Amino acid sequence: MTNAAVPRYLALIPAAGVGARMAAGSPKQYLPIGGKPMLRHTLDAFLSSPRIAHTYVVVSADDPFIDSIVPGQGVTVLRCGGATRMESIRNGLRALHGSVALNDWVLVHDAARPGLDAELIERLVVETGEHPVGGLLALPVVDTVKRAVAGEVATVSRDGLWLAQTPQMFRYQLLCRALDAATDPSAITDDASAVEALGLAPRLVEGHPRNLKVTLPADIRIAELYLAAFSQHTDNGQNR
Ligand SMILES: Nc1ccn([C@@H]2O[C@H](COP(=O)(O)OP(=O)(O)OP(=O)(O)O)[C@@H](O)[C@H]2O)c(=O)n1
Ligand SMILES: C[C@](O)(CO)[C@H](O)COP(=O)(O)O
């Protein structure tokens, strides 16, 4: 594998989860949001971005849903989901070995975050720029933070605290190195933490509350309200 003269921006969507916390009886990434499967919102966000050269979606080997929602072009399905989010991403990256450049940017984005749009993708790409490590969307903490342990409650300073979102974008080679170096996949809950474990500091780029992760049942309606409020077109089809 080699470096590209002009690195591409590639999307990698982990979509092999079971949605246990959603307790919907089927994987949450296929539940309807605003009349369209959640994962299709996420795929459409990347398909609508002129930056993204190609989108890869990682699903479980026996996923029975993906073929009915994946669009005809621009998306490749990788049936190599793993036991954890991190393993699904690591398997997906390994499946791309030989077909991407070492310095291609990989934007890893949760299928469970349907509120992403081309504007947030552009913000991440532009503000991360040529950062030597990479970057991720995140939101600064605005509430008071409590830690509750063994019946004790204590306030934790929120100074400098951010809530990580996705996409999280890193060069293909660095992301592979970081995930391969991870000794406990279950401890790596986002891609940036694997990179940080190498002693590197990614750029934090302000995201948006609409880019929430749909995790619990109440999040479905919240995501629908955000999507309706921030849709790309008004009733007369004009962009806002
Ligand atoms: N083994 C896994 C676990 C999660 N994911 C993906 O990682 C994203 C974020 O994970 P999460 O919100 O935790 O989804 P689930 O693991 O499905 O949810 P739960 O933890 O409630 O089971 C989701 O798009 C999910 O499909 C994945 O690709 N492979
Ligand atoms: C990657 C992530 O969305 C960043 O906040 C989050 O860590 C995913 O956690 P999950 O438990 O896999 O949903």
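For all residues, glycine too, the Cβ spot is worked out from N, Cα and C.
Per TrEMBL, site 'Transition state stabilizer' is recorded for Arg21 (among others). The Cβ of Arg21 (site 'Transition state stabilizer') lies under 8 Å from the Cβ of Thr215, Leu216, each of which sits 6+ residues away along the same chain. DSSP classifies Arg21 (site 'Transition state stabilizer') as coil under the three-state reduction.
Annotated site 'Transition state stabilizer' per TrEMBL: Lys28 (among others), in sequence order. The Cβ neighbour count for Lys28 (site 'Transition state stabilizer'), using a 10 Å radius and every protein chain shown, is 25.
A sphere of 10 angstroms centred on the C-beta of Arg158 (site 'Positions MEP for the nucleophilic attack') encloses 13 other C-beta atoms. According to its DSSP assignment, Arg158 (site 'Positions MEP for the nucleophilic attack') is coil. According to TrEMBL, the feature site 'Positions MEP for the nucleophilic attack' maps to Arg158 (among others).
Lys213 (site 'Positions MEP for the nucleophilic attack') is surrounded by 17 other CB atoms, counting those within 10 A of its CB over all protein chains shown. Annotation source TrEMBL lists site 'Positions MEP for the nucleophilic attack' at Lys213 (among others).
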So which recorded sites out of Lys28, Arg158, Lys213 are up against ligand 2, CB under 6 A?
Lys213
